[in-house]
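In TrEMBL this protein carries:
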- 7-34: transmembrane segment (TRANSMEM)
- 12-417: domain 'Major facilitator superfamily (MFS) profile' (DOMAIN)
- 54-75: transmembrane segment (TRANSMEM)
- 112-139: transmembrane segment (TRANSMEM)
- 159-178: transmembrane segment (TRANSMEM)
- 264-286: transmembrane segment (TRANSMEM)
- 292-314: transmembrane segment (TRANSMEM)
- 326-351: transmembrane segment (TRANSMEM)
- 394-413: transmembrane segment (TRANSMEM)
Amino acid sequence: MVLSPKVYTWLCGLFASLGSIIFGYDLGVIAGVLSATDFIDTMGSRFNDPNLEGLITSILLLGCFAGMFPVAYFADTLGRRNTIQIGALVYMLGGALQTGARNMDMIWAGRFFAGFGIGIMADLAPLYQFMLGIGAFAASWITYGTSAGLKGTQAEWRIPLGIQIIPAVPLFAFILLLPESPRWLAEKGRFDEAAKTLAKLHAHGNVNDPFVVSQMEDIKAEIQKATEIGSVSWGELLTDSSNLRRVSLGYILQFSVQMTATRVLLFQSINSVIALIGEACCVLWVDNTGRRLPLIIGNVASGLSFVVGSILMARWPGTVNNNAAHYIFIITTWIFNFFFSACIGPLSWAYPAEIYSTRTRAKATAVTSSASWISNFFIAQVTPVAFSHIGWKYYLVFAICGHTNALFVWAFYPETTGRRLEEMDALFHDAPLFVANTPYANKQDRHLAEKELREGTFVPGDLSERAGYTIDEEKDSYERHEHMN
């Protein structure tokens, strides 16, 4: 049976997203493991130190942070598929160390190496929040099952930790069956392979399809421009104003996600189901709603959830026997979880991946993605201390940050829906710093870029909305843009 390009592309992304299941599972499994009595006994007396116990959870995030930086070199040198294999291999080593741990040092080492592998895979494999939710959902029920049926035995915690290795095995073994990134192939001068890959993904294998021909022309133009400029350095991400702007927006967006308190409210059971529903909604809606609107709505909903939570915690603390207040608080966490999963979580990874040129993408995404891991670690370390010192007032931080996040997105983030990756340089060159109430804040026709490519009316590297110009006007605009660069 011959698969349609859309189905083939979807299946490729779905398989590569096993990395998301791995990440979600690792985030969820450790909560069930830490409470196992045999695990506590195996870890020894040092487990009684809250800081050392907390490090078991947070050192995974430090590993993720460390894994983000070598991935930029590996991805540009070895390609995306081989680099994902390296990440999966390192992750399996970490999982094995955790499963066979005899003391806290082995658990720390295993969690760090697992995080290092996740950091590599998260930067390259599509991080589908929906698949991440499936991983967390599986972890919550697996740890529940082992705690109920194997309580007090080593199997209670070693089985859940061992299961984390399973998704990484097919990812490592079969990732080479997936197509390599056509942009990476083109960068290496392998244009025929790049064209064949694009044709398989978009045109039933027809390399002469107008869409494939136009896409290759667009890619070649960007590579030619990158060749004239030279290879990107880490410093250029900070010294070039357009690159600095994009890195800043990506970094702030990734950091802001943790300031919605998704790591403070630890979800299990029903919340895992709500998260899956929200993530499915994001998949269905995001191309119709654009990127900006869900981020704004989701952050406002997050902020309001914590306003309600702060009031409830201040007026009726958890020790008070008031069932109505408790139920309202639980429902509020459900509302927060839905909007986070439908609006904030998925787009915090999608938006930064869309805004960089091929030349800068590997290094720039490594920097911006590292913000997620370091902010995760920061919140994980600060939260227990904050709750012990200021209690419910800690919720006010997230109530405020939810609204400031929404305001910042409204003011400074250009809309990227429906745009080609090759036009991002032009978009961030043309868009003003303050984009609210400008055309760059509006969602364009999500099919416009594809239509231009299929009809051959695009100008390489230029913005899709200029399709309304005559060809001569488009070329003049493109030449002016090139001259200014």
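Cβ atoms here come from the backbone N, Cα and C positions, even for glycine.
What you are looking at is a predicted structure, and each value in this text was computed from that prediction instead of being measured.
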Exercise for the section: Would you kindly check 54-75, 159-178, 292-314, 326-351, 394-413 and say which stretch has the most C-beta pairs under 8 angstroms to the transmembrane segment (7-34)? Expected result: 159-178
Exercise for the section: Determine the mean pLDDT over the domain 'Major facilitator superfamily (MFS) profile' (12-417), rounding to the nearest whole number. Expected result: 85
Problem - Distal contacts, the transmembrane segment (159-178) - CB-CB under 8 A, six or more residues away - result: 12, 15-16, 18-19, 21-22, 25-26, 29, 32-33, 81-82, 84-85, 88-89, 91-92, 95-96, 98-99, 101, 114, 117, 121, 125, 135, 139, 142-143, 146, 150
